[in-house]
């Protein structure tokens, strides 16, 4: 199977080490961080789940049936990996929950535990997710000393804030479908599928821009015409190549950004524009899809710094612990450390 991420540059060079990820679900543990408290009352039942080997949408649909509501009445802040142990909240719009016995739900769904139940006055939305805590265990790791040396670099300078391979689908099928939709001017009422392919299209172009900056030596070095963001994701208007700006970038106060393509003109100028525009021009079908859906241009930081990064190694097993903000991918951190050996998995039909 081809690795779709091999299209993009490594910040620290292609790893020499190899290893296996998610050999077992408990080798990839994710805990959601919402960043706010629930009111304790309201029309939405908030259910905290721990799921193993199940995807979020399947559990949400099953929970809707159990609560006697439609699937559209169950929502979440973020979708979580299937082949993992993940904790997250689901909100269920249901008036009366006194008769619900969640022990019965657990008995018929062995891959799901109900950890906590409360109420809130609003349903969960994707924007509610602040981030996630991760524990990632890699097994059968070779060249462990090289991995440990790379971890020191990651802790100091971060990794490229690439979108992970899951955004692009199996062997890039989501990107290929997005191209077809743009080329054939496909129209649909399926907002979920439309959003899916638009995200793949914009992510693909973004990754290529970041990859070129690495290749040309501009990953942590601003160029004229760059657009910077502060820690609150606000655009900062200042001399981006000044010593002061460079120092703030190194301190993490400011971030260099790359384009999430839209139907409006790129706001970058000068050298920054020459690093971005060719990648939009190289994908006319993806841009046709983006423009046809009137997506507006956005910016995304090109560097990703995992918070509270710690690690331990025992034999050929590596354990990583870290937190990431919403929208970032744990797999792009591991990508800088080792080449993943594919693990064959068998799934049930709960897709």
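Even glycines carry a Cβ here, placed using N, Cα and C.
Among the features that Swiss-Prot reports, active site, nucleophile is placed at 81, with the record citing sequence analysis. Non-local contacts of residue 81 (active site, nucleophile) by the CB criterion (under 8 A, 6+ apart in sequence, same chain) comprise 22, 28, 30, 166.
Confidence for the domain 'TRUD' (158-304), expressed as mean pLDDT, is 94. Residues or ranges marked as domain 'TRUD' in Swiss-Prot: 158-304.
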Q) In the domain 'TRUD' (158-304), how many residues does DSSP call helix, how many strand, and how many coil? A) 73 helix, 20 strand, 54 coil
